[in-house]
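Q: Sharing a structure, written as C-alpha cells. Questions coming.
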Amino acid sequence: FFNKEGDFNNLTAAAYHKKTHLLVTGFASGVFHLHELPDFNLIHSLSISDQRIASISINCTGDWIAFGCSGLGQLLVWEWQSESYVLKQQGHFNSMVSLAYSPDGQYIVTGGEDGKVKVWNTSSSFCFVTFTEHNSGVTAVTFSSTGYVVLSASLDGTVRAFDLHRYRNFRTFTSPRPSQFSCLAVDSSGEIVAAGSQDSFEIFIWSMQSGRLLDVLAGHEGPISSLSFNPMKCVLASASWDKTVKLWDMLDSWRTKETLIINSDVLVVAFRPDGKELAVAALNGQITFWDHENAVQTGSIEGRHDLQMGRKELDKITAKQAAKGKSFTTLCYSADGQSILAGGLSKFVCIYNVKEQILMKKFEISCNHSLDAMEVCEHRSLFLISSPPQDFDFDITSHQEKMTEFGSMALIDEGGGGDMSYRHFKPEIRVTCVRFCPTGRSWAATTTEGLLLYSLDSGLIFDPFELDIDITPSNIHKTLSQKEYTMAIVMAFKLNEKKLIQEVIEAVPSSEVDVVCSSLPDLYVEKLLEFLASAFETSCHLEFYLIWAHKLLMLHGQKLKTR
C-alpha cells in the first residue's frame, strides 16, 4: 500500500492496536501515519523529527503513542485525539562532556559536543530546559552559588550565563582575540568568572555583574586543562599541560602565589570543600594531594592499575601495556572531603579514601559490549585452524575469539567493498566528568552511555499502605517476638519498607509457613507474592521462599484465578 509512490523503503517502524484497529507507521524521514483498519482511512499524519523513527509503541487504551528516534535520542509521547504532546524528551546528540550539580542537589546541568546545555531534574530524571546558543562543542558547565545561574564555556570562543528564572542567555563573555575555552570556574560569591584557553595558554577573568573582562592571566606555557576556585579564599588554581599548577591570588591583583611542579602534564585540579587541600591528576595516572598554603605534597595515589583499561579491537598491544599510558581525566571530592571520585578513559569510576590513600570501591559503569575498549582479557593466542572451518562457531565477542589465522577479524572491513559509507565504528567507553552531589548522598557521571546517577537513597521511598498510628518498626519487632507472625507481616506491609518486610518473613519458621499463609487476608496475599517475585532475583534463601510461594498458590490460587 505504501509503495504506490515507490517509497516503501522508507518504512522503519510500525505498531498495531487491536481494540481500536489503529495502525501507526513510522518512516525514515521522521513522518508517521495513523490509519484505521480494515478500511485504511488516514486519521492523520505528522512529522515529528528529521531523523528516522526507530520504534513505536501504543498504550493499552490506544490514546497515547510513543515514538523513539535513536539518531537524536528523542522520546515523544503523542495523544492523537487531542493532537498534543504528553511527553517530549531529547538527549545530547553527541557525547556529554561536562556536568555540574546545583547547590541544593535538585538539578544537574550537562554540556555536550553538540553545543547544547541541558538542565535535568534529579528526582524525575527529565530535562526541562535546553539552551542552544553555542555554535560549537561545550567544554565545561557550572552553577553559580545561588543556583539560579548556569554558566557554560565552549570552543566557539564564548562563555555564556543562563538565567534559570526566565530561561534566557543574559550574559556572554568573550576574549579580545577569539580563544577556544577548555575549562571554567566561578568563585564562591558568584561574582568572578574564569575560563582557560587551550590555544593562547591564557586565563581570562570577567565580572558577572558587568560582563567586563577584568584581567588576562599569562604565565602558563601549555594549554590550560582545568581551573578551580578555593571555596573559602579568593584563590584560583590553574592546571596546564606545561606540568605545573599555578595558584593566583585575587586580592593581590592576581599575582602568582605559588607554582606547584608536577612531573607530568596536569589534566585536572580540584579543591577539597573546606579549601585546605588540593587534588591534582596528571597524565602519568597519579593523583597527588597538596597542602597549597605551604606548597607541600601530602600524599599520592597510583591510579593507573585501577582504571583497568579494556583493550580496543584494533590494539596491537595488551591492555596491561596500554594501561601504562592511562590516566584520570576527571576528579571530584565527596561532600565531606574524606574521599575522592575519579574517572577517565575506562569503564570504571574509582572512589579513594584520601587519608589512607586506598581504593574503597570501583563502579563499573557499563557492561555494553557494543562499545569499544570493554575487553579486559589478556589472550594473545593465535588460532591455527586445522579442522574444517565450518566446525568452528565463532562468537565474535572477545579478543581471543576474534583472532583467526589471518590476524584479528576486527581489522577487516566487512562488505565495505571500498565504499567508505559502509564502515562502522564503535564508540569507545569513557567517563568525561564525575561530580558529587552537595548533599553527599549521590554522585553523577557523564559517560558514553549517557548521564548516570548513583545514589545511597534509591530504595528509600516512604510509601505506606493503610497506615495507622500504632504501626512502627519497634511495634512490628514486638509483635514478631510474641510469635504473632501473620499480624507482623500485615503490619510490615502497611509500613511498606522492603528491608523490614524481608526481616519479618525470614523470621517465620518454615514449619509455621502453612499456618501463616492460610490466615493471611487476600489483599496481603497479592502483596506478599509481589514481594516474593522480587526476592527470588536476589535472595540466597531460595528453598525457603519457594515454600512460601508454593503454600500461597496452593491455598489462594483459585481465588487469585477468579480475580
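Here the Cβ of each residue, glycine as well, is placed from N, Cα and C on the backbone.
Unlike curated records, TrEMBL annotations are generated automatically.
Sequence annotations record features per position, and here TrEMBL assigns repeat 'WD' to 89-130, 131-172, 217-250. TrEMBL lists 496-562 with the feature domain 'Small-subunit processome Utp12'.
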Q: Could you tell me what the rest of the chain brings near the repeat 'WD' (131-172), counting residues at least six beyond its ends with Cβ under 8 Å?
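A: Tertiary neighbours of the repeat 'WD' (131-172) are 94, 97-104, 107, 109-119, 178-186, 188-190, 193, 195, 206, 208, 211.
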Q: Please count the residues of the repeat 'WD' (217-250) that DSSP assigns to helix (H, G, I), strand (E, B) and coil.
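A: Summed over the repeat 'WD' (217-250), the classes give 0 helix, 19 strand, 15 coil.
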Q: Give the mean pLDDT for the domain 'Small-subunit processome Utp12' (496-562) on the 0 to 100 scale.
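A: A mean pLDDT of 90 is what the predicted model shows over the domain 'Small-subunit processome Utp12' (496-562).
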